[in-house]
Each structure stands twice: as C-alpha cells, then as structure tokens.
Amino acid sequence: MDREEEHASSKVERVQPPPYVQPRKPEGGTTSDGPSNVPVGAMVRDMGTQDDIRGGKEKYARNQADKTHDKQEGNKRNDLDNVQERKHARIMLGMRILQWLLGLIAFSVMASVTGYSNVKSFQYLLAMGIIVFVLNLPLCGVEWFLIGISYEDEEREVTRVRLYRSMPKINVIYDAIVSFLCFGAASAAAGVTSDPPPGLTACNGGCSDPRAAVAMMFLLAFALVGSLFLGVAKLRKQMAEDAAVLPVSTKGTSQAEAVWQHNFTVGFVLRTFQWMLALVSFACFLSLDNNADFSAIQFAIAIGIIIFIVAFVLMGFELYGRMQNLEYLPLGLGSWLGSLALLGYDVVFALLSFGSACAAAGVTSLDCSVLPFKCSVGRAGVGLMFATWFFMWGSIYISYKDHDKAIMLKEVS
C-alpha cells in the first residue's frame, strides 16, 4: 500500500503543464519579433508625415527658385544703380575740375595785378579763388575714388556705400555756401572795375586784368550753382528711396508731419521787413552825390526799388488772406504754378540783392578820399540791402513749403 501511494504521488508531481495559449494581439498589430508597441494611429501619422516632407521639399524648392529670381533681379537693379552712380560721379568730377581751373585762373590773374592789396574787394576775390582751388582738390580725389572703385571688392563695399550716402549732403552744403561767397566776391570786384575812381592804383594801366579775374569768378559761381543742382537732385533721390522703405506707420507719421499750412502772419511780417529795408536802402543810395557815376550803386538802387514794389504787393496778398481766413495765397499764388513763380522770384531776388549789396560794398570799401560821396551813407545802404537779403531767406522757406504742398495735392488729385 505504501509503495502504491508513493507511485501515485509521483505521477501527480509529473503532471504536464497546460497547453500554451497565444496571447491576445494588441490594437497596434504584431511584428515578426512579437507584439508591436506602435499603435495604428501612429502608422497613419507616419504616412502623413512623409507626405508633408514631400510637400515641404517642393515648397523649399519653389522658395529657392523665388530667392534665386529675386537675387537676379536685385543684381540687375544693383548693376543699374552702380552704372548711375558711376555716371553721377563722372559728372561731378568734371564739374569739380572745371571749378578748380576757374579758381586757379581767377586768383592767379588777380594776384598779378599791381596794387590789388589796396582794394578790399580784390583781396576778397583772391581769397575765394584760393579757397576753391584748395577745397576742390580733395573733392576731386573722392569722386575719382568712387569712379575707379571695384564693386566686386567686398572690403571696399562699405566704404563705397558710406561715401555715396554722405557725399550728396557734403556737396550741397559746400556748393550752397561757396557759390554765394564767390558770387559776392565777383560782384564786389565788379563794382570797382565797372567804374574805377580816379587815382586807383590797381587800374592805372587799365582794368583789363581785374575784369578778367571778375569774369572767371562769375563763371566759377555759376559752375558751383550747377553742381549744387546736381547734388540736390541726388539728395532728393536718396530721400525718396529712404521713404519707400519706411514702415507703413512711419510713412503715415511722415506724411502727417509733412502737412503744411501757410502762415499769413509770418509771411506778412517778412514782406513788411523787406519793404521797409529796401525802401531805406535805395533811399540811402539815392542820396549819394554823383551816384550816377557808379554802376554798382545804380544796380543796388534798381534792385531795391523792385523789391520795394513787389514786397508791397505781396503784403496786400498776405493781409487779405489773413483777413479772409484763406488756406492759400489768393490769385492762384497757392497753386502749383503760382507757388513756383513766387519761389522763383524769392530765389532770384535774394541772389540779386546779395550781389547788389556786394557790388555796392566793393565801391564803399575803397578809400573815402577817392570817392565823391560820404562813405558812411553808402555803407549804411549796403548794410540795409544785406538785411533785406537775410529776410528774403524766410520768404524762400515759406514759398518752398507752399510749392511742396501744392505738388503733393496735385499728385493726390
């Protein structure tokens, strides 16, 4: 019994385990290595990602093609800008060389005149010729550098851009100041050479040499005015390019600030000062004894009378506009053409008043012993004419702003 029980118990211990049951497949499916841990949604997303990659590659290719096209167009524009910049530099170089030669001839001829040091206007002309001769040399060097620079040289590209951005401002400031000074020097010397008083040492053998120097100085002044116009055109182009790249908010602010309203009170005050100063100035010149013997004095009288009459008429326009609360000057002076005509008058007669004052100053600066009138009265007239010229600058500014607004309104309409 005991042996049978032991045999039975051994059978119980060697009972086979239950059959292997296949585990349940997860939702994601199976792989050859066993159950997969990647859900079905992830596989769908993988397929979508591959489509996105293909679409992204196509979009990238299109963007690269657009960038290449834009770069080619930009290179064309840059090449065109470089050609225009070189052309402008060549023109400016030619103008500077011409001015340099005229300044050299003017001061060389004047320096050869015997006794020029006894006439202040001749000394003034000599000094202006030397100044232009010296200052134009570095300006010629800069323009020559801009013409000869290689645009493929990246190291000099920054220098080129800085020079092209800064040179128009430098040219405008230099030409505006020096052209007025040269015109004044030529006018002052012309006042003496037109009717030289007896006993003037510099004109004992005739005034041919001083008159030649005066002619050269007048040509120099006109050449400087020409380069001034070129510099202003270049500067306005740069300002237009800068305005084109401004943000929209900044453009709106700039346009809002650019709105100009004509101030009739300020305009009336400026015209009143011009009227009074011109009146007293030509009255002083008329009171000089033998004033008809000097062309410079007669020229100053004529300019004073014209400014006196025109300023009186414009005073009436300013007063009428102030009383009627008008937005523009009456009789079409606020239109594009009228504002241009008024601006032209102010610029021309500002230049003529300055020239006439310098011409009269050339005569009154002589030794009073050789003049047939009182120097003090003539010098007072010169000072008043200079004051008239000063107040005309205020009218130039107002006329310019009126014309600028008229152009803006014309473009909008």
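Any Cβ shown, glycine's included, is placed from N, Cα and C.
As annotated by TrEMBL, compositional bias 'Basic and acidic residues' applies to 1-14 (among others).
Sequence annotations record features per position, and here TrEMBL assigns compositional bias 'Basic and acidic residues' to 51-82 (among others).
Counting residues of the domain 'MARVEL' (87-236) by DSSP class, helix then strand then coil, yields 130 helix, 0 strand, 20 coil. Among the features that TrEMBL reports, domain 'MARVEL' is placed at 87-236.
The region 'Disordered' feature in TrEMBL is assigned to 1-82.
The transmembrane segment annotation in TrEMBL covers 97-116 (among others).
Residues or ranges marked as transmembrane segment by TrEMBL: 122-151 (among others). Sequence-distant contacts of the transmembrane segment (122-151) (same chain, six or more residues past either end, CB-CB distance under 8 Å): 82, 85-86, 89-90, 92-93, 96-97, 99-100, 102-104, 106-108, 110-111, 113, 116, 157, 159-160, 163-164, 167, 171, 174, 178, 181-182, 184-186, 188-189, 192, 202, 210, 213-214, 216-217, 220, 224.
The transmembrane segment annotation in TrEMBL covers 172-192 (among others). Cβ atoms under 8 Å from those of the transmembrane segment (172-192) belong to residues 110, 119, 121-122, 124-125, 127-128, 131-132, 135, 139, 200, 203, 210-211, 213-214, 217-218, 220-221, 224-225, 227-228, 231-232, 235, 294-296, 351, 354-356, 358-363, 365-366 of the same chain, restricted to positions at least 6 beyond its ends.
Taken from TrEMBL, the feature transmembrane segment covers 212-233 (among others).
Beyond its flanks by at least six residues, the transmembrane segment (268-288) meets 297, 300-301, 303-305, 307-308, 311-312, 314-315, 318-319, 322, 360, 373-374, 377-378, 380-381, 384-385, 387-388, 391-392, 394-395, 398 of its own chain at Cβ-Cβ distances under 8 Å. The transmembrane segment annotation in TrEMBL covers 268-288 (among others).
Listed by sequence, the residues of this chain that lie at least six past the ends of the transmembrane segment (294-315) yet keep a Cβ under 8 A from its Cβ atoms are 187, 190-192, 194-195, 267-268, 271-272, 274-275, 278-279, 281-282, 285-286, 288, 345, 349, 352-353, 356-357, 359-360, 362-363, 378, 381-382, 385, 388, 392. Annotation comment: TrEMBL describes 294-315 (among others) as transmembrane segment.
Annotation comment: TrEMBL describes 336-362 (among others) as transmembrane segment.
As annotated by TrEMBL, transmembrane segment applies to 382-400 (among others).
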